[in-house]
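*Asks:* This structure is in structure tokens; I'll ask about it shortly.
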Amino acid sequence: MYPQGRHPAPQTPGQPGFKFTVAESCDRIKDEFQFLQAQYHSLKVEYIKLANEKTEMQRHYIMYYEMSYGLNIEMHKQTEIAKRLNAILAQIMPFLSQEHQQQVAQAVERAKQVTMTELNAIIGVRGLPNLPLTQQLQAQHLSHTHGPVALTPPHPSGLQPPGIPPVTGSGSGLLALGALGSQPHLPAKDEKNHHDLEHRESTNNSISPSDSLRTTSEKHRGSSDYSLDSKKRKVEDKDSMSRYDSDGDKSDDLVVDVSNEDPATPRGSPAHSPPENGIDKPRPAKKDTPRRPASVASSGSTPSSKTKPPEHNDKSSTPGLKSKAPTPRNDAPTPGTSTTPGLRPILGKPPMEALAAPALRTPLTCPTPFAMMSHHEMNGSLTNPGVYAGLHISPQMSAAAAAAYGRSPMAGFEPPHMRAPGLPASLTSISGGKPAYSFHVSADGQMQPVPFPPDALIGPGIPRHARQINTLSHGEVVCAVTISNPTRHVYTGGKGCVKIWDISQPGSKSPVSQLDCLNRDNYIRSCKLLPDGRTLIVGGEASTLTIWDLASQTPRIKAELTSSAPACYALAISPDAKVCFSCCSDGNIAVWDLHNQTLVRQFQGHTDGASCIDISHDGTKLWTGGLDNTVRSWDLREGRQLQQHDFASQIFSLGYCPTGEWLAVGMESSNVEVLHHTKPDKYQLHLHESCVLSLKFAYCGKWFVSTGKDNLLNAWSTPYGASIFQSKESSSVLSCDISADDKYIVTGSGDKKATVYEVIY
């Protein structure tokens, strides 16, 4: 069928050679593959080794970071003690005779002259007087680990060795680091385990990264103390969490407040703050900062604590409100929380109980100078909550850092990825190493720390501090407070009622009257007295405003004003008491004629709930802040919007200075910004560590107060924000008011009470 030529041709002499070439090529490819595989294996081993070394370096970094915190806390504490002792000496010296005064003065001056040699002798650095400070520290640290003293070569001028913070001033804080490193009593068991660890690491290059994540103290434990099994480590993490309790209920117990250790200072009374744009002593830690790295893993990974988006939430006692990120769930009971079901959702500001509950943050949301950090998840390798699971620092390391988690007193200790977003490293501290908390922001966005004048905290009308004189147990989360004029009665708004307290009677523990308004399960968000003190207007999570007649023998409802919005977040009264302005959850500003009890106008502009409001002293201009990240001003004579200021954060509170010019704005981002009503310049203040929930100017206009979810009450000078005093309460501070004579401050908080402070001048 097919031609003969189609049959297979006879083999040619070259064909066997072709077969040999294919086999040889296959062998060659196989050899090359094996070579590449060996090379790959070698590189993989090297990679794992480098990963282990990196993890080890990060672990050491965390240890040094904790030590730095503790030592700086101790340094500032000792500095404050020295200042107080100097003040006592200065007060006592005039009682001495002239001759003794001179002798004592000379002795005091001699005591202040501490040389480097004496410091080295005190902390046990002998024989190394001429070495640079960082090399002395390394020498001491290596000496107690029984390793050779391998000093690093000097670094180029102006540069610091990695992992060692820059030394500012006399460096006394880091000199103490050497004292810690030179402790001679390393336990024998630790020494043995240390050498065992070195042997294991040198003989096993492919040790898994998870093993190397164990910290020094974990490796020093006996083999019965832990297992490599990940399930058991999760159990240990859970135990660690139970030791530290939840962020919700017991985190206040973990606050380290060295400023209140003086027994002469009453609980709750604020410590005096220096006029510098920085601190002389640490301020109280907030509850949503990590207590210590040991609790990093057990804190859990939670989203940044923004408020809920609008949704049906049958488990919250207050309706869910719109924001940009979900509120993390907190299973632990918190002050002021309730599980009343069946409440309808309302758009707008965060729920009161969400604000009252302690904030939950991502682990390692670093405690920083005056909350200049991002309150969201940080960038960088340290944010993974699983990286340092079960991280425990050895007793030698953690002893000095027990009180470490207040605000960082020295900004130089923060790595670049842990600084405030948008805040250059050069701005986080000023001369002397003190962290700046007040910044001037120019029209082009340039930020500079504010140099406070010498009389920043001195002068008529500037208070020295405030002391707590009364606690009013309301029984529910206090979302609104106001003080009568003259100062006699305090009005506290909670869930479904306003209670009236007579603070002119010392020790009064019960209200003189209770005004039931709105629905029983709805929170009062604002209550305002008319200037005559005879009428109270109440607004909250309902569509009606209630007008109370207080002049009658028994307070009674005089009228109700109904709007189309489901909630009112804030109220303002015109100086002539003829008009009431209400911030509505739909973003509108309702204008009410109080005489005719009618709605006369609505200002429309906010695209989300209007959260806060204030009116100028002459009654011609209105300022409003909203959850749409804007602050707007309105001309009340012409009924139009004048200005709009855009921010990167939701606006929770604002106040307009009674003397004009300045507007202070409290934000969800924890900043307070002070704006000029005509100039583009502004001041940015960084003492709060969570959202700023309320703000109020003193009637003299020289100072104002702000309160926050971080439990803090801060008093600031106008306009540049020198810190006058600070008080820490036991829960989120949701509302505040100042009496007309500027002598009293009242705050409402999430632990179901209001606190009355007397302002001391």
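First residue shown is number 1, and so on along the chain.
Cβ atoms here come from the backbone N, Cα and C positions, even for glycine.
What Swiss-Prot records for 173-182, 293-307 is compositional bias 'Low complexity'. Annotation comment: Swiss-Prot describes 187-202, 216-253, 278-291 as compositional bias 'Basic and acidic residues'. Marked as compositional bias 'Polar residues' by Swiss-Prot: 203-215. Here Swiss-Prot flags 1-140 as region 'Q domain', drawing on similarity to another entry. Per Swiss-Prot, the feature region 'Disordered' maps to 139-349. Positions annotated as region 'CcN domain' by Swiss-Prot, on the basis of similarity to another entry: 205-274. What Swiss-Prot records for 275-441 is region 'SP domain'. The repeat 'WD 5' annotation in Swiss-Prot covers 646-685. The repeat 'WD 6' annotation in Swiss-Prot covers 687-726. Taken from Swiss-Prot, the feature repeat 'WD 7' covers 728-761.
Tell me about the setting of these features in this model.
*Replies:* Model confidence over the region 'Q domain' (1-140) is summarised by a mean pLDDT of 80.
When the repeat 'WD 5' (646-685) is classified with DSSP, helix, strand and coil residues number 0 helix, 22 strand, 18 coil.
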*Asks:* When you scan the chain for residues with a C-beta under 8 Å from the repeat 'WD 5' (646-685), skipping those not six or more beyond its ends, what do you find?
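*Replies:* Result: 306-307, 323-324, 349-350, 371, 375, 437-443, 447, 450, 611-617, 621, 623-631, 633, 691-701, 704, 706, 708, 710, 714, 716, 718-721.
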